[in-house]
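Enquirer: Handing you this structure, nothing more for now.
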Amino acid sequence: MPGFTTRFGFDWSVTTLITAVGLLSIVTGLLAMVTEPMLEADGVFAALQIASGFSGVLVGFGLLAAAWGMRRDYWLGYAAAALLLVLSTVHGVVQTRFVSIPLVVVSLAGVALLVRQRRVFTRSISLTPTQAGTLFAIGAFFVYGTVGTYVLRTDFDQVDTLVDALYYTFVTASTVGYGDIHPTTENGRLFAISLATLGPATVAVAVGSLFSPFLKSRFERTHARVRQLNRTTSDDVVLLGDSSLDEAVVENLAEQVSLTVLTAEEEWARSLSDRGIDVRSGDPTDEETLEELALEDLTAVVIAVDSQTVPYAVVAVRRADPDVSIVAVATTGDAADVAEFDTDVTIDPKVSLARTAAAAALGRDADAV
């Protein structure tokens, strides 16, 4: 739409293509399992042809996860997508099936499109110390299990390679326990006991520490939206602001009216969205962007950007709707300069604070100031 970026500021065609490649990789991998290759091979390459079927399916699911991360503007999602697209291309070549040709072509197109969008994905993943420790514990457990099983392979039957050792560690940690590998000596049994004890405990702690913050955030956002739906007032207010605005202003508005925030700052937009506040990403001084907000249905527009931007924002709002009420908050600069423009109300927080403090010191009613 004119005047609007997507919610996190990038072209949706990128994630759409990555999603399409992921689905195509899954379908191609499944077809590779039931069709014959165009080029017959022997030895290692023949084994790779067979393995590329199911591994291609895994790459496809990985691309779907990466596309989700890219929709949230995560740099890690972008990096994972770039790596998986290369792997998807390699899988299409190794599979040597006719049905793999579209996968190779689309994967290469995805790589080219990602190169063009490389500066868009800047959001990083921040882990709490507990989450970081949990990830380290998971890695340490699998290293312990894999290396330990391989070192003690003579105490197990059918453990000959590191892959066998990793397989045994994984099925033990997941409590599946197929029974195809089992210890044959006391040392092996004692080691197996340690894996059976540490594995499920590590997985349980990992699930709790890694996903509980996500669930908590979802519950908070749902609660905020329910609170907004249950609000008795029908007043709709749009706030044009940035991160320099006091958070208390946003919170009070969100509690009392149906609030929509328009901001050009992506990081602040994500922060507000995580708290259940309706957010639009765009330029507060762009007339077409403001028209998308249907200003004629609003109670008021609150402008709380820097004093240099206020004039342009006021002009844009007046052009979009000459009759809407405009409240300007002088977050920086002189409120007198802001008041010269066509605003209905101009507020200077510093002046208001000074008057309130003076009234309180003189024993007057501060609420009346």
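Heads up, the Cβ atoms here are built off N, Cα and C, so glycines get one too.
Features from TrEMBL:
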DOMAIN    140-211  domain 'Potassium channel'
DOMAIN    247-340  domain 'RCK N-terminal'
TRANSMEM  12-34  transmembrane segment
TRANSMEM  46-68  transmembrane segment
TRANSMEM  75-93  transmembrane segment
TRANSMEM  99-115  transmembrane segment
TRANSMEM  135-152  transmembrane segment
TRANSMEM  190-215  transmembrane segment
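Give me the structural setting of these features: burial, nearby parts and distances.
Expert: Secondary structure of the domain 'Potassium channel' (140-211) per DSSP, as helix, strand and coil residue counts: 53 helix, 2 strand, 17 coil.
Residue counts for the domain 'RCK N-terminal' (247-340) under DSSP (helix as H, G, I; strand as E, B; rest coil) come to 43 helix, 20 strand, 31 coil.
Taking Cβ pairs closer than 8 Å, the transmembrane segment (46-68) reaches residues 15, 18-19, 21-30, 32-33, 37, 40, 77-78, 80-81, 84-85, 87-88, 91-92, 94-96, 103 in its own chain, all 6 or more past its ends.
The list of residues near the transmembrane segment (99-115) in space but at least 6 beyond its ends in sequence, with Cβ under 8 angstroms from a Cβ of it, reads 13-14, 17-18, 20-21, 24-25, 28, 31-32, 35, 56, 78, 81-82, 85-86, 88-89, 91-93.
Nonlocal intrachain contacts for the transmembrane segment (190-215), taken as residues 6+ away from its ends with a CB within less than 8 angstroms of a stretch CB, comprise 128, 130-131, 134-135, 137-138, 141, 144-145, 148-149, 152, 155, 169, 172-175, 182-183.
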